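Read through the structure below, which is laid out as structure tokens, and then see the notes.
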């Protein structure tokens, strides 16, 4: 019963069921990344495209070029223009087109073009998904919802991809059928979510920001998500914070201009870039993308051994994600990140020591321990820096710039991923077993940086996040502004009535200055 209440809290059961359904959006992303791990180990694929270590790095990482474009200007803009849900639908459709381009008979150049199209869709999907979940989650469970949806969906996708690829690896005829079928299996997953999404209500915070003159749209959707009515006390309390925060924020420029002009928001953007960078700075993408090849290099190259190990790891990683669900809103973001980087550092220290001591894989027990250490790194990532990074980056920005700011923040993730993943095959080939010392050093540095830099966002509502960064509490400021505005409007009405009465009675006007109603506080600001 305790576990059921944790995953489906009675007061937020509808929100939980709805948000867990969003895993199918990130599942599509996870499948695309996971299947490339299998495809890059497929001899027929490598022969078809004449893949060497340099081409392998390009094929694996080129989608992140357009993912970076999505993060820079497309994803946030799209989510703002058409809403979080329509942005998801459009982005998934784009990913499907990219997959089709990749699987039809083509050249190396066309393959890369298909990967670029897929990357553009992937970037927009990731942005819209995390924005929607962060804006719809209840405050006390926001970390677990964002983290679980983002990471569990991704791991579910990789799990399906690994085992689909493993099953297809036994089919060598017709030629090139295995990797093509493995790749196209992901399209039904994306189409399924596109249909499912039409039962979802749009984010209430997005609706209020986009249509402030129609507050009933926000209130009705908020009531539905919170399993209440527009008059429910908890719905009214949350709606009050949304309105009060908007009253304060509406004086500021929205979107990219708001980020550029405001020094406080520029500082927060640096935190966002740093937080998302933490997700990839430890080198997890390199370990995951080339997992099958790494296991082969460690001596597990008998038949489809490496793919089977990869599939088993994917099963374990899917379930270990739920450690984050139970802990992130209890212990906080910083504690889990520090613990995660400490465990990954220790595992990589052992791995690096063993690969350096037995560079030719001559010791079978050592090879077993090496695989175990890679398992620990992957499993720890799934409850630590994997899910926590998007949770932090999606919650630290005010609503009027959240879509653009979160989108730009993800450039930190992309920069770290590209810097480590693209050159990894060549680096590993030239440096050999000692290459893992680099990953060990990066994880130690990341752990120290979290201790010194990252603030704790646990238990703070989205509307009150400003105070954490030393700024004005937007809700309190909005309440004051709204109150002042009401008083001034009342004063103005009274003044105008008095002036009107004087004119009707034929009383001479005193001065033009006294005839004019006073400007409101908001206008003066």
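Note: Cβ is positioned from N, Cα and C throughout, glycine not excepted.
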Select from 245-264, 385-404, 405-424, 465-484 the stretch of residues annotated by TrEMBL as transmembrane segment.
405-424
Using TrEMBL as the reference, determine which range in 436-455, 496-515 is annotated transmembrane segment.
436-455
Among 86-104, 110-133, 307-328, 405-424, point out the range having the most Cβ pairs under 8 angstroms from the transmembrane segment (177-200).
86-104
Could you tell me whether the transmembrane segment (110-133) and the transmembrane segment (61-79) are in contact, taking contact to mean 3+ Cβ pairs under 8 Å with a sequence separation of 6 or more?
yes
Which bits of the chain, at least 6 residues beyond where the transmembrane segment (335-354) starts or stops, bring a Cβ under 8 A of a Cβ in it?
278, 282, 324, 327-328, 366, 369-370, 373-374, 376-377, 380-381, 383-385, 388, 434, 436-437, 439-440, 443-444, 446-447, 450-451, 454
